[in-house]
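S.K.: My questions all concern the structure below.
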Amino acid sequence: MSKEIKAQVVVLGSGPAGYSAAFRCADLGLETVLVERYSTLGGVCLNVGCIPSKALLHVSKVIEEAKAMADHGVVFGEPQTDINKIRIWKEKVVNQLTGGLSGMAKMRNVTVVNGYGKFTGPNSILVEGEGESTVVNFDNAIVAAGSRPIKLPFIPHEDPRIWDSTDALELKEVPEKLLIMGGGIIGLEMGTVYHSLGSKVEVVEMFDQVIPAADKDIVKVYTKRIKDKFKLMLETKVTAVEAKEDGIYVSMEGKKAPAEAERYDAVLVAIGRVPNGKLIDGEKAGLEIDERGFINVDKQMRTNVPHIFAIGDIVGQPMLAHKGVHEGHVAAEVISGKKHYFDPKVIPSIAYTEPEVAWVGKTEKEAKAEGIKYEVATFPWAASGRAIASDCSDGMTKLIFDKETHRVIGGAIVGTNGGELLGEIGLAIEMGCDAEDIALTIHAHPTLHESVGLAAEVFEGSITDLPNKKAVKKK
């Protein structure tokens, strides 16, 4: 059975980028069709990414905090974990959000077509669903087809003990010994969860630090905290993976490589993602797609085909939901006739580990590479009353300032709820604030948030909560 429909705008993919674009198009009065290959809206982020991982990380945090309270006179019994109930909780969270999206689509009169969509021409997409196909003829299209985990040819990915991030989030079992390939955000978040649930976690990373995009001083605080939780094998890479009846055997080479192949009960491959650009038959619409699968766009998210736009993971790094949402808004606004552009000064990045590692704007390594003259100011949480009282005093807040203008150009926070504290720094960079603007803003006390203001005071030389290196010297 097949049918044919017409729309002013068709959006291919319903992840955060796609549904945001579709809903904004509808709000701007455009007849909109949203194509999604799965039965629920929300894409990777809501279904098998950002949201379920945060639900599991919440469970992990409660377990670890309960254990830590023993040092403060409150002793709980050994936690009894029921992974079936944890899984049900995670799915409840996901269902609440995906159900909310379906409701908002109906409220906005967005037509949702389920099935695998591919271009058949510059103004048509064929959607193959279960039992029926739909041809969507469109005036404008927005490609938001996302990305998928990278698979390496020497790894037997068909073995159920070799996981990608989706498999890890299913929480089918808690392996006794888990290897995580890749010391990036996804791998470390999953390592945090499985360690709390009882797995012995090992992480192999080819670079000399985990979370390679972040500055070393920030990551150092994180690695110091987890040294007794994870075994880190830095400057080491996997060379072979063999699936045997009694486990997965992994051979490695490098600085921390074991001499012999190590046996693991499960291996999580978390070495990045690849865009889905080559899976949508874009060439039939005249789209230019590079060899990796990325679609090139301009600042209005327009492809080489003027009436086709692309947003989200499929247009390039960083592959982050919040970046895709803003790109989706821009594409919708442009299609409606507005002169909007995607030109952010900053895009925040956060590892929702414990402690969290969050940064925004320029890192030190980026500032150095660009030849920017800069100065760093840090405020250690060891001097924060709230951090000490909350038993998280190993954190740090860092600001990076342009040495000539004193404007803040970057910042990072490592510590409990660091991602929640990052917003002020991002806004300060977008608004062109200098150190004085931040330092003279009264921050509530005692809070972790005030560490941002105190770091600015360190730069300004007005700090009174630490020894002041810029104090006027008495003659």
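Backbone N, Cα and C atoms are what each Cβ position is placed from, and that goes for glycine too.
Bear in mind that the values here come from a model prediction, so they are computed numbers and not experimental data.
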S.K.: Can you pick which of V136, V143, V238, V315 Swiss-Prot lists for the same NAD(+) site as G182, G183, G184, I185, I186, E205, A270, I271, G272, R273?
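M.R.: Checking V136, V143, V238, V315 against Swiss-Prot: the NAD(+) site match is V238.
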S.K.: With C45 as one half of a disulfide in Swiss-Prot, pick the other half from C25, C50.
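M.R.: That record, Swiss-Prot, gives the partner as C50.
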S.K.: Using all protein chains shown, find which of the binding-site residues G182, G184 scores highest when you count other CB atoms within 10 A of its CB.
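M.R.: Selected residue: G182.
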S.K.: If I take the alpha carbons of K54 (FAD binding site) and C45 (disulfide bond), what is the distance between them in whole Å?
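M.R.: Cα-Cα distance, K54 (FAD binding site) to C45 (disulfide bond): 11 Å.
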S.K.: Among all chains shown, work out which of the recorded positions E36, C45, V238, R273 has the most CB atoms within 10 A of its CB.
M.R.: E36
S.K.: Restricting to the binding-site residues G184, V238, R273, which ones have a CA within 10 Å of the CA of V44 (FAD binding site)?
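M.R.: Matched binding-site residues: none.
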S.K.: Which number gives the other C-beta atoms within 10 angstroms of the C-beta of D313 (FAD binding site), all protein chains shown included?
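M.R.: The Cβ of D313 (FAD binding site) has 31 Cβ neighbours within 10 Å.
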